[in-house]
Amino acid sequence: MKEFLTGNEAIARGAYEAGVTFVSAYPGTPSTEILENIAPYKEHVYAEWAPNEKVALEAAIGASIAGARALAAMKHVGVNVAADPLFTYAYTGVNGGLILVSADDPGMHSSQNEQDNRYYAKFSKVAMIEPSDSQEAKDFVKIALEISEKYDTPVLFRVTTRICHSKTLVELGEREEVGIKPYKKDISKYVATPANGRVLHVKVEERLKQLEKFSNETELNKIEWNDKKIGIVTSGIAYQYAKEVFGDTASYLKLGFTHPLPMKKIEEFANEVEVLYVIEELEPYIEEQMKAAGIKCIGKELIPRIGELNPDIIAKAILKEERQTIQYDEAKIVGRPPTLCAGCPHRGFFYMLAKKKNIMITGDIGCYTLGSAEPLSAMDTCICMGASVSAGHGAQKAFEFNGIDKKVVGVIGDSTFFHSGVTGLMDIVYNKGNAVTVILDNRITGMTGHQENPGTGYTLQGDKTHAINIPLLCEAVGIKKENIYIINPLDLDACKKTIDEALDKTEPVVIITEWPCVLKKPSPEDIEKFGNKRTICKVDEEKCKACRICTKTGCPAISFDEKASINEDMCVGCDVCLQACPFDAIEKVGE
Amino acid sequence: MAEVKNILLVGVGGQGIILASKILAQGLISAGYDVKMSEVHGMAQRGGSVTTQVRYGKKVYSPIIGKGQADIIVSFEKMETLRWLDHLKVDGKVVVNDYEIPSAPILIGDAKYPENVIEILKEKADTTIFKAADIAKELGNIKTMNVVMLGALAKAMGLEEVDWGKIVKNNVKEKFVNINIKALNKGMEQVK
């Protein structure tokens, strides 16, 4: 049976078919749907959201040591968080097979950088596999697990946005129950003390030699002979793009197993063709190693190392072909940046926070990053998950130490706080900082499309569970009870009062804004706590003085044409515009 | 690869473009084609520009459509047509929903919605224009706008032989099947 699957759906199916029994991940575009599509195989696979990627990989490592086939998934920047256990698990090796899916984002469709995680395989000395469509994504999961077990190595399963989010036809298979391998206590293997590590490092180097032999022999790295004037070495989605451009007019060495590289096979291929190109997305990962081995090839001289690759770029770079396009005045087109949704609970708080002068707002990764855009402009920085709190602390200390009178406010979401914000808060308390930390608790992981997290009270596979109490957690970390504010972010007066008080304090303060994401299907607990009334706001045109203050809230439901008006299909009656209007020209309907 | 056809669906997050593309792809698969589809995720759910790309033929390699290569652009929102017009073949077709969704810079008064979009399109390409939103509203549910567009696309691409009704049925909730099939037929009627 053939199904039309995204790469993520195919990886999920592959894990199911390959007898995986443990998976863990932290959501991050473009990797999120892998776990969402594994979760329904509840009877066969245990799947969970972890608070962060390090925890996800460590949990998968534990399952692997226990003997289960295990998978951890994350986006490229998540591997930075998980790098610590990765490098050591590369030394100890596995028991049950383990794969780490790294979903890279060339072109930065929804990421803060476009790092090429193939280097992680080389750096950590693990095997790496790169599928080029959904069929391979499914099939390679099984092969990766077999490699993992045979060569006693974790396998980096590297995909990119175009693989994750493109649908191609996939032939499904049956699940193979591989069971759990027996667990045997083995201190010399699994306890990474320096004495054991020195021995293990030698084994790792030996393993790499064996893996290189495998790499030269495996069908994952295959030659397609056509005309030998042009030879192309390529991997991942770049293979599809190259095929699109050259079709049967060139020969290909398609690499599916890319660490260690099959240098012998590459050399053989190189010797047979007249001109050799390396077509790879982002960094010259393959090219560098080929050139270091003395193989003459053309790569980044022509193919850019910035941004997502596509067939046009290849055709233009190598064949000097440029497509004819329709010429028109593109300047006429207005941008369409993503915005905080109508009724987003972050809007009210940001609207009031951004009014404060002489503060620095350190932001974080999540929907609320959109609060940095005009008209709210409620953010000065955004670095990585958790950095709002810790970078905020550093900035506050720097201002104080250098005699500059400026307060710092760090803003972070609930899921991100659990991910890596809480350690920053410990830093503030321990080191006597006094930056203000705002936890924007919208009761869900919003940006990636509503994944449960430790604060929501539900697990990935739908079970009810203990919900972490954020105020108590802050108290346990050392924030005084009187310095913890819990407010409704849609109440502008409460926001203002709380922000003013917090900025006046000399001790660390936490403000927790509690209101569910407007797109979230409310849980029974949400309805009990926040109600479920449907109202909308309307502009009274008589009273509207055309001051445009309501548009400054940045609500996409509000537009202005001589008078303000509110799109009733979008409005959810959050009231923020009503409170912002100085002329009482907005009223509530449907209460 | 001349035998591969390229369809670009463009619009704004929330317009049902992904669902329309899924139905389209399933229809093409049922007709025996190799199909690849690329969709945009993440930030686009927050009111951003959305596009899905569908390629079909005997054998498809790249899941994405390059500049100057789309056989047809089906646009759910007027201005988005312009944003993607450089992807259309010089002799390609455009099917446009005459519908405006102002973006954030327009809402806050930093920019004006571009004028004469339809005139520009007509001048540059073989353009079919209709008001899918009005048709969907008349049918009783503005959300069926996406299936109206799908019907128009199926006609414009000459894909009437596919049993679209059956595929629509498999993809929408039972109580919405009838209205969506009506929407599909209405869409087909819009294209000559």
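Glycine too: its Cβ is placed from the backbone N, Cα and C atoms.
Unlike curated entries, TrEMBL annotations are predicted automatically.
Marked as domain '4Fe-4S ferredoxin-type' by TrEMBL: A:535-556 (among others). Here the domain '4Fe-4S ferredoxin-type' (A:535-556) has Cβ contacts under 8 Å with residues 339-343, 347-348, 351, 373-376, 562-568, 570-578, 580-591 of the same chain, all six or more residues outside its ends.
Annotation for A:Cys581 ([4Fe-4S] cluster 1 binding site): spatial neighbours A:Ile549, A:Cys550, criterion Cβ-Cβ under 8 Å with sequence separation of six or more. Taken from TrEMBL, the feature [4Fe-4S] cluster 1 binding site applies to A:Cys544, A:Cys547, A:Cys550, A:Cys581.
Shown in sequence order, A:Cys537, A:Cys550, A:Thr553, A:Cys555, A:Ile558, A:Ile566, A:Ile586 are the residues of the chain, 6+ apart in sequence, with a C-beta less than 8 angstroms from the C-beta of A:Cys577 ([4Fe-4S] cluster 2 binding site). For A:Cys555, A:Cys571, A:Cys574, A:Cys577, the entry in TrEMBL reads [4Fe-4S] cluster 2 binding site.
Summed and averaged per residue, pLDDT over the domain '4Fe-4S ferredoxin-type' (A:562-591) gives 93. For A:562-591 (among others), the entry in TrEMBL reads domain '4Fe-4S ferredoxin-type'.
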Can you tell me how far the Cα of A:Cys544 ([4Fe-4S] cluster 1 binding site) sits from the Cα of A:Cys571 ([4Fe-4S] cluster 2 binding site), in Å? 18
For the domain '4Fe-4S ferredoxin-type' (A:562-591), find every same-chain residue at least 6 residues outside the stretch whose CB is under 8 Å from a CB in it, and list them. 342-345, 347-348, 351, 490-493, 518, 533-553, 555-556
A:Cys547 ([4Fe-4S] cluster 1 binding site) and A:Cys571 ([4Fe-4S] cluster 2 binding site), Cα-Cα, nearest whole angstrom: 20
Could you tell me the C-alpha distance between A:Cys547 ([4Fe-4S] cluster 1 binding site) and A:Cys574 ([4Fe-4S] cluster 2 binding site) in angstrom, no decimals? 20
Smallest number of other CB atoms within 10 Å: among the binding-site residues A:Cys555, A:Cys571, A:Cys574, that is A:Cys571
Which of A:Cys544, A:Cys547, A:Cys550, the listed binding-site residues, has fewest other Cβ atoms within 10 Å: A:Cys547
Check: same-chain CB within 8 A of [4Fe-4S] cluster 2 site center, minus A:Cys555, A:Cys571, A:Cys574, A:Cys577: A:Ala342, A:Gly343, A:Arg347, A:Cys537, A:Thr553, A:Ala557, A:Ile558, A:Ile566, A:Val572, A:Gly573, A:Asp575, A:Val576, A:Leu578
List the residues in the vicinity of the [4Fe-4S] cluster 1 site, defined as same-chain residues other than A:Cys544, A:Cys547, A:Cys550, A:Cys581 with C-beta within 8 angstroms of the site's C-beta centre. A:Val539, A:Lys545, A:Ala546, A:Arg548, A:Ile549, A:Ala564, A:Cys577, A:Ala580, A:Pro582, A:Phe583, A:Ala585, A:Ile586
Looking only at the domain '4Fe-4S ferredoxin-type' (A:535-556), what are its DSSP counts of helix, strand and coil residues? 5 helix, 4 strand, 13 coil
